[in-house]
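As recorded in TrEMBL:
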DOMAIN    14-83  domain 'DnaJ homologue subfamily C member 28 conserved'
REGION    25-46  region 'Disordered'
Amino acid sequence: MTERKPPGVSYGSWVDRQIAAAEARGDFEDLPGAGKPLPPPTGHDAATDWAIRRAREGDLDVAAFLPPALALPREIQDLPRKLAKVHAEGKVREIVEDLNARIRRAHAMPQDGPVLRARPLDVEETVASWRAGREDAS
């Protein structure tokens with residue numbers, strides 16, 4: 001994340017300066033697809049179609065393209081697998097609390113698309129389940 005735009009500076013010139021600084025640091029060198037045009041837009045979702053296609057070609061996770069009502073339940077489903085790789089209880093709590101905060105935030109926002117049915121997880125119950133999984137693996 002970059003610093004905030006200074007007051008009195010237009011967005012255009014501020015963004016131009018940020019891009020110039022990134023170019024000077026080499027942040028844009030060796031990017032996949034560099035120097036190639038974007039594929040032509042097709043269909044009704046042409047604005048994001050190319051990005052989704054590129055993510056799939058690169059075997060990347062497309063969950064970021066999903067609305068919260070679909071992404072959050074998927075994340076809850078994958079949580080045990082994710083937590084199995086964590087070694088510290090504090091980190092487990094942090095992950096679950098972050099997920100709960102995002103669930104609450106999604107419930108507080110106007111729903112665009114499917115209704116979010118996921119509820120915040122019980123942190124203590126999740127930690128207990130994580131502990132039990134670690135004991136079984138020992």
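Backbone N, Cα and C define each Cβ position, glycine as well.
Just so you know, TrEMBL annotations are computer predictions that nobody has curated.
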Over the domain 'DnaJ homologue subfamily C member 28 conserved' (14-83), work out the mean pLDDT and round it to an integer.
82
Reported in the order helix, strand, coil, what are the DSSP residue counts of the domain 'DnaJ homologue subfamily C member 28 conserved' (14-83)?
43 helix, 0 strand, 27 coil
